[in-house]
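Taken verbatim from Swiss-Prot:
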type: CARBOHYD; residues: ASN40; note: N-linked glycosylation site
type: CARBOHYD; residues: ASN41; note: N-linked glycosylation site
type: CARBOHYD; residues: ASN111; note: N-linked glycosylation site
type: REGION; residues: 120-140; note: region 'Disordered'
type: CARBOHYD; residues: ASN127; note: N-linked glycosylation site
type: CARBOHYD; residues: ASN139; note: N-linked glycosylation site
type: CARBOHYD; residues: ASN181; note: N-linked glycosylation site
type: CARBOHYD; residues: ASN189; note: N-linked glycosylation site
type: CARBOHYD; residues: ASN311; note: N-linked glycosylation site
type: CARBOHYD; residues: ASN334; note: N-linked glycosylation site
type: CARBOHYD; residues: ASN344; note: N-linked glycosylation site
type: CARBOHYD; residues: ASN477; note: N-linked glycosylation site
type: CARBOHYD; residues: ASN557; note: N-linked glycosylation site
type: REGION; residues: 641-701; note: region 'Disordered'
type: COMPBIAS; residues: 642-655; note: compositional bias 'Low complexity'
type: REPEAT; residues: 653-660; note: repeat '1'
type: REGION; residues: 653-700; note: region '6 X 8 AA approximate tandem repeats'
type: COMPBIAS; residues: 656-701; note: compositional bias 'Basic and acidic residues'
type: REPEAT; residues: 661-668; note: repeat '2'
type: REPEAT; residues: 669-676; note: repeat '3'
type: REPEAT; residues: 677-684; note: repeat '4'
type: REPEAT; residues: 685-692; note: repeat '5'
type: REPEAT; residues: 693-700; note: repeat '6'
Amino acid sequence: KKVLSFSHSLNTYEGTGVPEKIYNEEKNNGKFRLLGLYGNNSTNWLITDCACMISGVTTLVMHSKFSIDIIIDILNNTKLEWLCLDLDLVEGLLCRKNELPYLKKLIILDNLTKRSEMKIENEEKSNGSRKSSNKQKYNESDKREDISLCALECDKEKIEKINSLKEKAKTLGLSIIVFDNMTENKIANVTVQNEDPNFIASIVYTSGTSGKPKGVMLSNRNLYNGVIPPCDCNIIKKYPLTTHLSYLPVSHIYERVIFFIALFLGVKINIWSRDIKFLNTDICNSKAEIILGVPKVFNRMYATIMTKINNLSRCKKWIAKQAINLRKGKNNGNFSKVVEGITNISRKIKDKINPNMDVILNGGGKLSPEVAEGLSVLLNVKYYQGYGLTESTGPIFLQDVDDCNTESMGVAVSPSTRYKVRTWEIYKATDTIPKGELLIKSDSMFSGYFLEKESTEHAFTNDGYFKTGDIVQINDNGSLTFLDRSKGLVKLSQGEYIETEMINNLYSQIPFVNFCVAYGDDSMDGPLGIISVDKHKLFTFLKNDNMLKTTGVDEKNFSEKLIDETLNDPIYVDYVKGKMMEIYKKTNLNRYNVINDIYLTSKPWDTTNYLTPTLKIRRFNVFKDFSFFIDEVKKKYEEKLSGSSTGSMNNGKSGSKSDIKGGSKDDIKSGSKDDIKSGSKADIKSGSKDDIKSGSKDHIK
């Protein structure tokens, strides 16, 4: 009802509704009625999205974590007049209204309607709708209801704040509208407008890992082919969805498409509490059978579980690790079930994470095979991976339900998808197993970048394939294995190539490491690393390893002590590099993947500096701000070439005792570029090659 009512208001509010404007854009014949969407996950956000599709209004979606400067640029470039946004984002725009000549209306997405139900502890409700027979204290799930109760108490404050903002907005020539006021009309029927398959229904501004965001235009055809084919995938057939927890940013195409899929399949949608402190509780209480996430979420989940196991008593820890290793050795098969039946370890862990979970589905980036396999065993769940882009309208490749290869990104979801690779650097499209930059053509592939004709033309090949910039190999069964991003492959001075994305994932497995950003070029013998650490977790590790006396750190001063200026003293650098070497020794990677030079930072990394709203790293920003360290390390290699030699660099300090030299036979395996691979034939099942096109003179296969 609210969707229909809001749709009606978009066409009739104040007599005209959302205005139509003419743009220098070929799509929609240059005519667009734009409604901005700028907020966090909420019911009203989703209602707005659906209402726009009915009314023929094009949504212009922006991440809520975009900086205010980026938002202002987008609003001015698109000459946007109507904007839906969260209440806590309004004041930032009002303060910059003098820079926003086109903006006229702000629609507050916050729900101000009071709920009738109240949590009553240890009492029975007379209407029988809810009974409490548990006389003990309420559990974690009850806390979420307390949060709702607190939110209700804040309603008056919100209303007062809105009234205050309305007065301020009025003086600036803006009008503020409460969402509920636009959904009061009772509308029985609405005629769906602009059903043309080529009509641009949404423009999504991508976060990007460098450069300014671009508006990805998605047509009705794109959205249909991004949503309907995945509904028929065999993962969902084998593990039917009944509940979905919406916690990934809905402004990101990944979560948004999943929402549409859930809507189409009649799946219950729970929206998380929007409080990061309660995310684990939200996941546990969601009862979702399939937990979708990105590498950052699953890396943290894995690190948390392993930390708790390592903190068990010596006997319990030994039993747990032996059971886990036994199950890993048997590939989590029938023998694994016997071991789990005896130890019940996975059930105990799973009960704390989400007892209903059957599947973990990773997207938005490659998860390291070790973490993927580890979570699969620890939680006794199936792990699958997909691949997609904003430009592809979300997931375009997805693993088959019987594909157990943790390196695989799966096969094409839609029958309209065609793909191939073209030779890039050392990756040859003409190899027996073709490798190179992934090129895609599909009905789900976007219709261009809004108002950026040149960027659109540059994004496609002459024969209409989108250039993803991702390096993959095409396996015998048509599935893809992700190798690296084209910008992430670096050639060192020896001519050896390293995969910085893989290195970043490798060392990010250390529980106290938030992010690892590797850098290298052809003037360097090995990569360096910018390491973001968590103060609290690092302190816990120092404490457990009896390092407090040596470092002079204690529970009272660690927050002040573990800052960038002191973290790069040799004692901390040695310690962290030791942990990195422990991780490295568990791999078969060659010595060029060892990081000798590291800079440790405990400063916050968020969307205002180094992270995109989907928690991908903006490498360009990191390299720029830490260029002082990069320059110091590069200078070391220059001096080495000129005949003088220095130790590894850490904020200008000479190398520490544990500098990792060019490799002992015991610790470092010899290697060449052939050692860096992401899969083997043994992992790949036979299949068709129908989607792999024949080569051309450009070595495109």
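Here the Cβ of each residue, glycine as well, is placed from N, Cα and C on the backbone.
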Find the one among the glycosylation sites ASN41, ASN181, ASN557 whose C-alpha lies closest to that of ASN344 (N-linked glycosylation site).
ASN41
So if I draw a 10 Å sphere around the Cβ of ASN477 (N-linked glycosylation site), how many other Cβ atoms end up inside it?
16
Using Cβ atoms only, which residues of the same chain lie under 8 Å from ASN41 (N-linked glycosylation site) while being at least 6 residues apart in sequence?
SER246, TYR247, PRO249, VAL250, GLU255, ILE271, TRP272, ARG274
Among ASN40, ASN189, ASN311, ASN557, i.e. the glycosylation sites, the one with its Cα nearest that of ASN477 (N-linked glycosylation site) is ASN40
What whole-number Å value do you get for the CA-CA distance of ASN181 (N-linked glycosylation site) and ASN189 (N-linked glycosylation site)?
19
Cα of ASN40 (N-linked glycosylation site) to Cα of ASN111 (N-linked glycosylation site): how many Å, rounded?
13
Which one is it: of the glycosylation sites ASN111, ASN311, ASN557, whose Cα lies the shortest distance from the Cα of ASN189 (N-linked glycosylation site)?
ASN111
Do you know offhand how many angstrom separate ASN557 (N-linked glycosylation site) and ASN311 (N-linked glycosylation site) by C-alpha?
23
Determine, to the nearest whole angstrom, how far the Cα atom of ASN111 (N-linked glycosylation site) is from the Cα atom of ASN311 (N-linked glycosylation site).
43
Out of the glycosylation sites ASN111, ASN311, the residue with the smallest number of other Cβ atoms within 10 Å is ASN311
